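Everything on this sheet refers to the single structure shown next.
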């Protein structure tokens, strides 16, 4: 015992710091990824809160027409947002010291770039920290793999899409109505609803919600009764107990009779793998779709593809979507474009008579 105490005393300050950082006995695990995660996420969160409350209007389109996004400049929780960095900045790295003054930095939307870049670094480190803690505890690494789906989605809308479009001004605004505006403009310019990767993402999110609700309700409904009929089944259990609290055979039998036998899992591991993989793979595909549409590889275009024997167009749902896309296209950034791209691309009629 004495030798152990002496060895601890002789350990260097750096060694003690390393042991503290990587200790799984801390109430919250820090880890080496946490050393980078904590300051980046604190910075992103602090600047977001300050900018959401008090940032002045931002010249998002680079045409000297600032757009207000903060609460003190007339917005509420729904309409407020951190306005993306100006199109005049493009993809340039724009820290505070690159601007002539803080006022110029705010006018050009510097906070957006600061928040987004720190946030992406922070969530990537959070993913690494999940792996690191799993490694220290001897667990398998799939928690971090599952978290890679939302990380990929955030990276797609905040970094890959602006890179593909040539400006951070095309990134998703950090606010509720700003997110909706981003979605509408994305549909107008890329026809995302007709992209198969987006369809897979919808199936992943809605299917994941359905399977989660089905699984949770089925487990809760098939508890092994440890009590009498006169008291709650909840009284028969204690939090964190080692014994199984529900009967998977009973759940399998119920679900197999409700639908059909092979629609029900009789193996808990394969069931939970399915519950994790379904939404994760769907969101991976959506992030991949956003990242390809960033470079204008857009959704399917079936416009005016059905005609009768006389060559007259028979409108399909695709044509209705196309008309809606044109309407959204001409309305967004209305002062920045003399000719919206979709309309300007049409060949002008001949005037030679």
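A Cβ is built for glycine as well, from the same backbone N, Cα and C atoms used for every other residue.
Swiss-Prot assigns the feature transmembrane segment to one of the listed ranges (86-101, 102-117, 118-133, 166-181), namely 118-133. Segment annotation: Swiss-Prot labels transmembrane segment over residues 29-46 (candidates 11-28, 29-46).
Taking the Cβ of residue 189 ([CaMn4O5] cluster binding site) as centre and 10 Å as the limit, one finds 20 other Cβ atoms among all the protein chains shown. Annotation: 170 are the binding-site residues among 170, 264, 265, 272 whose CA atoms are within 10 angstroms of the CA of residue 161 (site 'Tyrosine radical intermediate'). Close to residue 264 (quinone binding site) in the fold, though at least 6 residues off in sequence, lie 251, 252, 255, 256, each with a CB less than 8 Å from its CB.
In this structure, the binding-site residues 198, 272, 332 were compared by how many other Cβ atoms lie within 10 Å of their Cβ, and the smallest count belongs to 272.
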